[in-house]
Amino acid sequence: MSCDSSPKSPKAPRASKADRADELDANIRNFAPVARIMKNALPENAKIAKEAKECMQECVSEFISFITSEASEKCQQEKRKTVNGEDILFAMTSLGFENYAEALKVYLSKYREQQNQSNRDRVGMDSNPQWLNDAKPEPSAVGEFGQDGNGVEAGGDPNYIYASQPGHNGNAAEGY
């Protein structure tokens, strides 16, 4: 028997079970990446129930919406239409996730440096003569966040993002 108790009407075709599931699960359709992260955080022999994966995906979707909404508000106040990485980091900091924002600031800087290097390499291969392709690129100047070319804040620890973070139980032996 169906959960839908509405009367059948020839004018309004009844939505199939799959259609209703698509509407309900629009934000949680693909939970494979989240399940992979969950599996990596647990001991090898641990199993994860489908409901736990779905619940975690719903939480992730809600968290992303929460942060993005705050970043979007900032963009609207500044009369901008595009949310960028700095807006997300600002939102995370203003909502109390400053520890994560600091780590992501380093990640964003390294990502941008890698993208810039890839673009320089691609342009260099297209427009430079062959003998210039062997030349080493010049070291980068101070980056966007007051960082040197290696993506580390001035005076910061170069292994910051890889060091164990307080309150994070990513270590397999910790908390299990």
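Here the Cβ of each residue, glycine as well, is placed from N, Cα and C on the backbone.
TrEMBL lists 1-24, 115-176 with the feature region 'Disordered'. Look at TrEMBL and you will find 1-15 tagged as compositional bias 'Low complexity'. Positions annotated as domain 'Transcription factor CBF/NF-Y/archaeal histone' by TrEMBL: 32-92.
In the predicted model, residues of the domain 'Transcription factor CBF/NF-Y/archaeal histone' (32-92) average a pLDDT of 94. DSSP labels the residues of the domain 'Transcription factor CBF/NF-Y/archaeal histone' (32-92) in these numbers: 46 helix, 0 strand, 15 coil.
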